[in-house]
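S.K.: Feature list, courtesy of TrEMBL:
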DOMAIN    B:240-716  domain 'Cytochrome oxidase subunit I profile'
SIGNAL    B:1-25  signal peptide
TRANSMEM  B:35-58  transmembrane segment
TRANSMEM  B:110-130  transmembrane segment
TRANSMEM  B:142-167  transmembrane segment
TRANSMEM  B:311-330  transmembrane segment
TRANSMEM  B:342-363  transmembrane segment
TRANSMEM  B:375-395  transmembrane segment
TRANSMEM  B:407-432  transmembrane segment
TRANSMEM  B:444-466  transmembrane segment
TRANSMEM  B:478-500  transmembrane segment
TRANSMEM  B:545-566  transmembrane segment
TRANSMEM  B:586-606  transmembrane segment
TRANSMEM  B:618-639  transmembrane segment
Amino acid sequence: MEIYNDHKKLFTAALCFFLLLTFFVAIGPAFTSQNNNAPLPGSKPLNRLETAGKAVFIAEGCVACHTQQVRNVDMDKVWGARPNIAADYANIIRTDVWRNTATLMGSERTGPDLTNVGTRQPSNDWHYLHLFNPRSVVAESVMPSYEWLFDIKEYAWPNDVVVNVPDDFKKGITGKIVASYKAVALVAYLRSLKEITLPDGKPVPIFLYGKGAAEKAGAATSGKGVAAKPEFDGAALYATNCQSCHQGNGEGLVGAFPALKGSKVVLDDNPEIQVTIIMKGYNGRISEGYGIMPAVGTNNNLKAEEVAAIVNHERSNWGNSSKKVTVDDVKKIIASFGKPEAAIAKK
Amino acid sequence: MKLKFYLTISLIGVLLLIPGAAAYAADVLKPDHAFNTGACIIIAVTIFLLLLLLLWLIRLARGLKEDEVAQEKYGDKWIFRQINSLDAPQLDQLISRRNHRKKAIGKAKGGNNGFTAVMLLMLVFSGLAVQAQTAAESKNVLISPGMIIMLTLIFIPLVVIVFLVTLKIRNLAVKTRYSRVKKETTELVKAIDDDDAVYEELIKRKHALNYRLTNNELAGTIEAEDSKGILLNVDEVHGPRFFASKRKAAPKHQTDPKLVKLIMWYLGSAAFWLVLGTSVGEYIGIKFVSPDADHISWLSFGRLRPVHTNMVFWGWSSMAMLGLGYYVVTTVSNTVVYSIKWGYYSLILMNAAIITGSGMLMAGINNGGGEYREYIWPVMTLFAGGIVLSLANYIKTIAQRKTREIYISNWYIVSAMMFLTVIVTVGYLPFYQNGLGETIVQGYYMHQAVGMWFMFFNLGLVYYFLPQQLNTPIYSYSLGILAFWSQILFYTLIGTHHFIFSSIPWWLQTVAIVGSMGMLIPVFSGTTNFIMTFRGNFNKIGRSYTLPFYIVGILFYFTGSTQGTAEAFRETNLIWHFTDFTVAHSHLTMYGIIAFMLWACIYTIVPRLTGNEPKQGLVGAHFWLALIGLLFYTIPLMVGGTLKGIAWRDGKPFIDGVVLMTPYWLWRAIGGSLMWASHLVFAWNMYVMFSGHKSHPDIRKEVFEKLNTIPFNAEI
């Protein structure tokens, strides 16, 4: 054919074909997406400190291991209350003249997703320890240490953020370990990452491939009748929600996170205080150097069944043995201080 | 005529079946349907079988036509030709027939009736076996009974129809051939009875057939001696050798020394970036096992990862490709390169981009986290400038070509260069990249960079180097054309399959999945083309040190690309996305396909350009270290990635997935070390090929030349 003997025709044809397809799958949809999505009403732009923190996040290449996207599949439920929609990213614009927009959605989840980390893990103390050396709070972690975001000082100024690093991870550092501006900014950025509730009337996308659906389908086709009620695994829930601070052995970290092993609160046969702390947080031991406990149960949308499983896990492990609680007990306690939904609405 | 009609119908039928299967696959991809790997495999196998069927039909049609043409062409001599094709018992039969002068004309014994029967029987059984296999596979892998039923319902009639049509055509072909053979044989028998000349010929042929060699004709009892000085390298080997010695490279080509030097600069830079880039990769791989290896900001994982990926992308692969491209483009155009100078400018720009880009990434200056788009735009402009210069150089070279047609390699190479320019421009222009626009462009950018640049360019190189090394033409130009256009069509669409289930429009995700499905067409046609080019030359692999690289490259081209398709489906993406499986896949393709093909081309051409061969044992060491390393690297990551995805799906705590990966990450580090070691060997081989170590004959030549200049009475 003639076209294969004429380089102008051949290469022009190939280029035009490619350009056409490029407009169809890349440029066109990108324009549409950019122009047809407005930021959600509840979202607020990053403040100066948080913006500086995002710059640190980008510079350190955190996106290599941390995604920021809750997909509409069931397994992503742990990372957010709802799947992300295009509007969630609408207020992210070009960083500056040198650098492109950073939605930081990522493509690899070697570490946890960070879409909602501000809600899930609001504790400053934990973040600083974790950044200084992740192994100090999560023994199995493979995240790099960001030691260079911290300064070593002989004496700390009143405004300095001093990090109480366990001795094992100090590696001969004798002075005070103080978070630098970069570290403060980075933690501020991480804490600003929160999923926003969709405004009323906007349909919330659903999570696909739910376990419930699969089980239902299995039950219907196998004809065995109702599938067994899902058991809540206290150990797994503890690992997901509590372990990063209170540790797998329940001993906490001296000077940062109190031990649950032998704790008065856990050994108390009346679960009221324990459940209340899980649902509402706690700041009663700051004087001893311990950090503020966030309202983990409320932040992570834990159901009464899940809270009961966690409580019972704490009550029956590491030598603890106190009275187990029932789901009804937990429900009663939660009811006594108002519904968790009300708490979310307030936030 | 009837036969031709049937053949055409069935060809169309097979062609229709391919998109049919693809459409079916797209149909089941809706999120509420359970769809998984098993189905992909079955569909892939089916399509491949259909393609094979198509090839077989084409061959069949061609064979019949050739027979017909042959008979017409030879006319009178036809009978003599027939005699030559008969065996001794058949000749005996004919002779005795003539001697007995039987009146009635019996049915002559056809040559291949029995064979036909066996073939038919085998076909029936293989058909049944295929059917049985399909059923068994579905039972194993598909969980929901509804899916099994649906798949079986769709596949059984499909397989049966294809089978029946095949049988029908085959029968028709057999009948046609049978009647022709019968007619010919009858004519032959008549001719023998009537024509004495033919009989003479028959007797002569019988004597010829009866002749047996004594098996002693060429042997002798005398010791081997080369008294005329004709033979070189008389090398008698008694007993088996542990390492078979491979063939030497062909003698040096007559290439413009200036061009050779330019190519060497490209390949040398490439080898340098390979060693450096994979050293970085090796180090960050070790960091998974030992995260506290260092606490230095410039060497932290997050900063080094893009250094590694960009360095091996733009440094190693791209530069090696361009260097080899300079050879291919000029050679197949049968002309000289348009401008050597432009080549050097291009090289300098690209190297500058990688040096500054890597430094900036380590200092924490990057473009915002999109993979392979980490260099900021001023750096990438340098790189793109280099590409555009070389592109212009290539096109100008092709414009002054001495051949009429443009060889297929040049389509691929020039298109890849044009496409990369477009891709980089689209990826870096800011006008549509706010919010999710960035992600949509990112999907396009990262996948086009892989598929339309590396893969496309490499295919172009292989279309030249593989036939050249095998000393045989490429199997089919048409398949090459099909692969070319279908790859542009489908590959461009699939970028967003990196963001399945994300917030980008659902239709765009579906387009990407369908495109990934469609990629089977260029991959299967490309693979078929290469394998068929190898046909009849497989014995050469054992005697060559370059062909194993090609074979591995082609093998991974097939498996790696098909794996990409399998990963794109929603059901499989659910498990594999975000896990280490993706890392394994990218190494399987960028290393298994691209790097192996590049090495194949380099080992093919560099010895011919410089006249220096690497040590065969070291090339072997490079090959085996790289191959075994790659397998140690990828297989554990695929297994671990799958387990991790399943753990996530089952709602296990996140940290469980990290703990689970520990042994697999260790295996990855081990595999990575082997790969890295192989690159050191490669770098040494490059050095040897470039200059340093001359091969024995060359040294001897030089020594003798030196000897001439020394006075006879001088002490040596």
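Every residue, even glycine, has its Cβ placed from backbone N, Cα and C.
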S.K.: So what's near the transmembrane segment (B:311-330) in sequence-distant terms, Cβ-Cβ under 8 Å and 6+ beyond its ends?
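M.R.: Answer is 255, 259, 262-267, 269-274, 276-278, 280-281, 336-337, 343, 346-347, 350-351, 353-354, 357-358, 372, 383, 390, 394, 397-398, 409-410, 413-414, 449, 453-454, 457-458, 460-461, 464-465, 590, 594-595, 598, 601-602, 605, 609.
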S.K.: By Cβ distance under 8 Å, which residues at least 6 away from the ends of the transmembrane segment (B:478-500) in the same chain are close to it?
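M.R.: Counting only partners 6 or more residues beyond its ends, the transmembrane segment (B:478-500) has Cβ contacts under 8 Å with 408, 411-412, 415, 439-440, 442-448, 451-452, 455-456, 459, 463, 508-509, 511-516, 518-519, 521-522, 525-526, 528-529, 567-568, 570, 573, 577.
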S.K.: If you count Cβ pairs under 8 Å, which stretch among B:342-363, B:407-432, B:545-566, B:618-639 touches the transmembrane segment (B:444-466) the most?
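M.R.: By Cβ pairs under 8 Å, B:407-432 leads among B:342-363, B:407-432, B:545-566, B:618-639.
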S.K.: Any idea what the model's mean pLDDT is for the domain 'Cytochrome oxidase subunit I profile' (B:240-716)?
M.R.: 90
